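Quick notes on the structure that follows.
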Amino acid sequence: MEVIILKEPQQIAKKCADIFQETICQKHNAVLGLATGSTPILLYRELVDRYQKQLLSFENVVTFNLDEYVGLAPEHPQSYSYFMQQHLFKYINISSKNTHLPNGIAQNPIRESREYEEKIREYGIDLQLLGLGSNGHIGFNEPTSSLGSQTRIKTLAQQTIEDNSRFFSADEFQPTLAITMGIGTIMFAKRVVLLAIGEKKARAIQQAIEGPISAWCPASALQMHPHTTFIIDEEAAQFLQMKDYYHWVYKQQQQLLQKLHNEK
Ligand SMILES: N[C@@H]1[C@@H](O)[C@H](O)[C@@H](COP(=O)(O)O)O[C@@H]1O
């Protein structure tokens, strides 16, 4: 498990974009797992920028999003499908047939969840992006979610409904159910990158990285993942007991990479 603590959200976006670029350039048909929420917005801007500078092409890229609200159609402004269009897809050369999100208005959401899971297992995700709920959730896997869970319908925790209420106006319907990849689905990805910014995430970050592996903090399951990178800011890192060590390890790695680069 790698923990990278950076000062500015912009640095976090760039560091994460480097990992995306590496994945996309290394594999012809890279499969990306994408996330929503406010945290990845700067990353998406950075990816669009790199696409416009012709450093990146999404022509052969396939994407799967983590989750979608039950009851919201793709064209609903609060749906995650709409979010992805507005923040990424409409600016890059990705084919709509290659972008996948659960259908929030599927007639049979149970079947929809099962088929979504099957498709993910068939493709295999090369790089999964995650944000973090203030209660430690990933996707919409709320505390007490099974650590082996697959894509299914979840009821949102009160904390999550409150946290996300800022995106909805007072008289607007705010869903309390979502279709989300499970924790087991996320763990199936070859590589995972989790981003967290701000003090609101500090407790959850400490639990996820240094706490016991527990369904009380779904993100703590990542301690079992063979290739996970946390990229977080100083505020989110404030309760980490091993913070100085993580800084030191990262510095050593950077120096080693620089040395290898110079020797090329
Ligand atoms: N389902 C999403 C999560 O995938 C996301 O990580 C979380 C945090 O959002 P934000 O980045 O806005 O704090 O919000 C939602 O609950």
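Every residue, even glycine, has its Cβ placed from backbone N, Cα and C.
Taken verbatim from TrEMBL:
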| type | residues | note |
| --- | --- | --- |
| ACT_SITE | ASP67 | active site, proton acceptor |
| ACT_SITE | ASN135 | active site, for ring-opening step |
| ACT_SITE | HIS137 | active site, proton acceptor |
| ACT_SITE | GLU142 | active site, for ring-opening step |
| DOMAIN | 10-225 | domain 'Glucosamine/galactosamine-6-phosphate isomerase' |
| SITE | SER145 | site 'Part of the allosteric site' |
| SITE | ARG152 | site 'Part of the allosteric site' |
| SITE | LYS154 | site 'Part of the allosteric site' |
| SITE | THR155 | site 'Part of the allosteric site' |
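Here the features listed in TrEMBL are placed on the structure.
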residue : record                             : contacts (Cβ under 8 Å, 6+ apart)
ASP67   : active site, proton acceptor       : THR36, TYR80, PRO102, GLY139, PHE140, ALA178, ILE179, THR180, MET181
ASN135  : active site, for ring-opening step : GLU142, PRO143, ALA157, GLN159, THR160, ALA204
HIS137  : active site, proton acceptor       : PRO143, SER145, ALA157, THR160, PRO218, ALA219
ARG152  : site 'Part of the allosteric site' : ILE110, SER113, ILE179, THR180, GLY182
LYS154  : site 'Part of the allosteric site' : PHE140, ASN141, GLU142, SER145, LEU177, ALA178, ILE179, THR180
THR155  : site 'Part of the allosteric site' : GLU142, THR176, LEU177
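Selection of the recorded positions ASP67, GLU142, SER145, LYS154 by a Cβ distance under 6 Å from ligand 1 yields, in sequence order, ASP67.
Summed and averaged per residue, pLDDT over the domain 'Glucosamine/galactosamine-6-phosphate isomerase' (10-225) gives 97. According to its DSSP assignment, GLU142 (active site, for ring-opening step) is coil.
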